[in-house]
């Protein structure tokens, strides 16, 4: 099952990198919502990985990131994820506190799936915004990715 998650996080990383590059190329044409959404994808990924690793997070959930830093942040997130996949049992229970201060427990693989799904969801929202601005949306579907 670790190979399954490594594949999904490689997809997430590759599509995030593609999206970040496209957004950087078109930064002057973008709206604030796109900036918030791509920042949120990166922030949430980091927050979930640090919760799993029980280390302090660097970012707030809706903290705006500089476009120039996003590639690096995404790479660091992917590296943290690979560290977790290499060192943790996917059926391990993870206790954590949310950004609103509530305590929960989930199995690790549930949290990992959430991060992949969350990233895909918000990339789709970004694509919708791009289209509304007259920009070409990126193809970020998993099945298209696997055809390459």
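Using N, Cα and C of the backbone, Cβ positions are placed for all residues, glycine too.
The divalent metal cation binding site feature in TrEMBL is assigned to 40, 118, 122.
Under DSSP, residue 118 (divalent metal cation binding site) is assigned to a helix (H, G or I) in the three-state scheme. Taking the centroid of the Cβ atoms of 40, 118, 122 as the divalent metal cation site, the other same-chain residues with Cβ within 8 Å of it are 37, 41, 44, 119, 121, 125.
Set side by side, the binding-site residues 40, 118, 122 differ in how many other CB atoms lie within 10 angstroms of their CB, and the most is found at 40. Mapped onto three states, the DSSP output places residue 40 (divalent metal cation binding site) in helix.
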